Amino acid sequence: MSILNVIRSHHDVEPQNVEEEPPLTGQTIVTEDKLETSAKDKKHESPSMSEDEEGSVENVDAWDLTKALMSIDPNHPAHPHKWPLWKKLFVATVYTFLEVYVIWSSTACINFFDIYQTNWHCSIQVSYLVQSLFIVGNAFGPMLLGPMSDIFGRKWVYVGSLILYIIFQIPQALAYNLPMMAINSAIAGAFGSSALANVASSMCDIFTPETVGFGISLFVWGANAGASIGSPIGEALYDHWRWFYWMNMIVGGFFVILCVLCPETLPVINIMNYSSTTGEKTVQVSTLAKAKSAVVRTKFVLSTAFKLLCTEPIIMALGLYNGFAYGLIFLYLDGLFPVFVDNYKMGYMGANLTYLNFLVGVTIVVMLQPIQNWLYRWDKRRHGGVARPEARFLISLLTVWFFPAGLFWFAFTSDGRISWVSPLIAGGVLGVGDPQLWLAMINYITDSYPSVAGSAIAAFTLPSFAIAAVLVHLGIIMFDNMTTTWAMATLAFISLSLVATIYVIYFFGHLIRKHSRLAVTQQALQEAHDAKVLPEV
């Protein structure tokens, strides 16, 4: 039984002529005469896809596109999984450092807030809108860019959004009031968000399920590295702060060239190009070729991520969890200056350099990935060769405790009476716990929604960044009205409640996936494995 038939059979879709299905030969699995829409989907029924219907779009809608995307065979010779290692590493490296470049703006700007207050006569809360609206842009941008990359391809979404990101650096560099700065920061954040949703998707495109943990760890490393080095960069350019945005334009131009040089990673685009050369006919190629209508594609792009967020309990739960976790990190970062400048009498550059403990922490997370990958393969063997998405959390069952532990450690050793080294190391512990959780969640989502990963990650990102944007402003109130010790301790107590979520997903995630329309169920994975559709370890 093919993977499409397996998936469809668990979403009220009956396969046709299964007994007569030809053996796998390395080609795309599903042929046109094997697709029949169930009564549940009769409103857009298309039992056959003849060449006469090639130009028609009446029978193709956003759900048809989603099903076609989910039917891609990972063993197809044109699939990026078959690329040589050097090609995969080149693409992964370019996109990882693209993410570093975009994310550093989220923390670099905090050094300029007192300049905004002095020049534009605003309060500190208002000046923080530049940061929080950039994060809001990061939240909503993927809701459009993620689904666009799932249907039009990753490469040109990167290039187009990056060019627009560069353009909106100009009004920030020339800003003459705070509204101009904040609004353009939000727009730039939206276009730059392709480095969030789409980089993770690209890693899933090129790496197999057994090695994708490494690719996603690079994605997580890029996000945390960018946030870590952004603040020192901003401090270094403090006296010439407008040059930060001119520098962003120069560096961005370099990345545009690299993105143009990178090959397309979306499997369906590669397979369609292969099919146009060889004349191969498959269901997914026919469906996607028919979907030339701008209306159909626009419906897919605009509806898919929101549909996933509103109807998929996995994405909703993990998105809300990560929103609080990500927000707690911004609250923690709000506390670094009161701790290291006020309590330890460091200079501002010294305090900014303490952000680098997160860079050390996330580098340790990358180094832990061989252990997590071994545990993942061990769990797969233990379950008869069937991979469980929940196995992505195995190492996180331990490291999740680093989150509250790091916050408690920081809280009660940061009052200035104990060496500054202690809270610095505590921040490093937090820098291991938080990125490892994010890594596990991204892996889990991409395993559960493999061929609409861009849309799934976009849906996951929205609540994550929206909540974080609100908590940025809450941090100012907390540290103005509480001591640094009890402000940090409050964050630590809140983080304890988040630990349970990881255990719930690990032990009960397979039950949640059973009630999903798009997530791959464990039974579907088992049947696909039995049919030898999925690659062996």
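For all residues, glycine too, the Cβ spot is worked out from N, Cα and C.
Note that the structure is predicted; figures quoted are calculated from it, not measured.
Look at Swiss-Prot and you will find 10-56 tagged as region 'Disordered'.
Among the features that Swiss-Prot reports, compositional bias 'Basic and acidic residues' is placed at 31-46.
Summarising the annotation, Swiss-Prot assigns transmembrane segment to 90-110 (among others).
Feature annotation from Swiss-Prot assigns transmembrane segment to 133-153 (among others); the stated evidence is sequence analysis.
What Swiss-Prot lists as transmembrane segment is 156-176 (among others), and the listing cites sequence analysis.
Per Swiss-Prot, the feature transmembrane segment maps to 180-200 (among others); the stated evidence is sequence analysis.
Annotation source Swiss-Prot lists transmembrane segment at 213-233 (among others), citing sequence analysis. Counting residues 6+ beyond its ends, the transmembrane segment (213-233) has Cβ neighbours under 8 Å at 92-93, 95-108, 110-111, 195-196, 199-200, 203-204, 206-207, 244, 349, 352-353, 355-359, 361-363, 365-366, 369, 372-373, 376, 392, 431, 435, 438-439, 442-443, 446 in the same chain.
What Swiss-Prot lists as transmembrane segment is 243-263 (among others), and the listing cites sequence analysis.
Here Swiss-Prot flags 313-333 (among others) as transmembrane segment, drawing on sequence analysis.
Annotated transmembrane segment per Swiss-Prot: 348-368 (among others), in sequence order, evidence recorded as sequence analysis.
Per Swiss-Prot, the feature transmembrane segment maps to 393-413 (among others). If one looks beyond the transmembrane segment (393-413) by at least 6 residues along the same chain, the residues whose Cβ comes under 8 Å of a Cβ in the stretch are 325, 328, 332, 339, 368, 371-372, 375-376, 379, 422-423, 425-434, 436-437, 440, 444, 484-489, 491-493, 495-496, 498-499, 502-503, 505-506.
Here Swiss-Prot flags 422-442 (among others) as transmembrane segment, drawing on sequence analysis.
Residues or ranges marked as transmembrane segment by Swiss-Prot: 457-477 (among others).
Away from its own ends, the transmembrane segment (492-512) comes close to residues 313-314, 317-318, 321, 324-325, 328, 388-390, 393-394, 396-397, 400-401, 403-404, 407-408, 411, 437, 440, 444, 519, 521-522 of its chain (Cβ-Cβ under 8 Å, at least six residues beyond either end). Sequence annotations record features per position, and here Swiss-Prot assigns transmembrane segment to 492-512 (among others) based on sequence analysis.
In terms of C-beta pairs under 8 Å, the stretch of 156-176, 180-200, 313-333 lying closest in packing to the transmembrane segment (90-110) is 180-200. Here the transmembrane segment (457-477) sits apart from the transmembrane segment (348-368); fewer than 3 CB pairs are under 8 Å, leaving out pairs fewer than 6 apart in sequence.
Comparison of 156-176, 180-200, 243-263, 313-333, 422-442 by number of C-beta pairs under 8 angstroms to the transmembrane segment (348-368) places 422-442 first. Taking Cβ pairs closer than 8 Å, the transmembrane segment (243-263) reaches residues 87, 90-91, 94-95, 97-98, 101, 105, 108, 112, 155, 158-159, 162-163, 165-166, 169-170, 172-173, 233-234, 237 in its own chain, all 6 or more past its ends. Using a Cβ-Cβ cut-off under 8 Å and counting only residues 6 or more beyond its ends in the same chain, the transmembrane segment (422-442) has close neighbours at 200, 213, 216-217, 219-221, 223-224, 318, 321-322, 325-326, 329, 332, 336, 339-340, 354, 357-362, 364-365, 368, 392-393, 395-396, 399-403, 405-407, 409-410, 413-414, 457, 460, 502.
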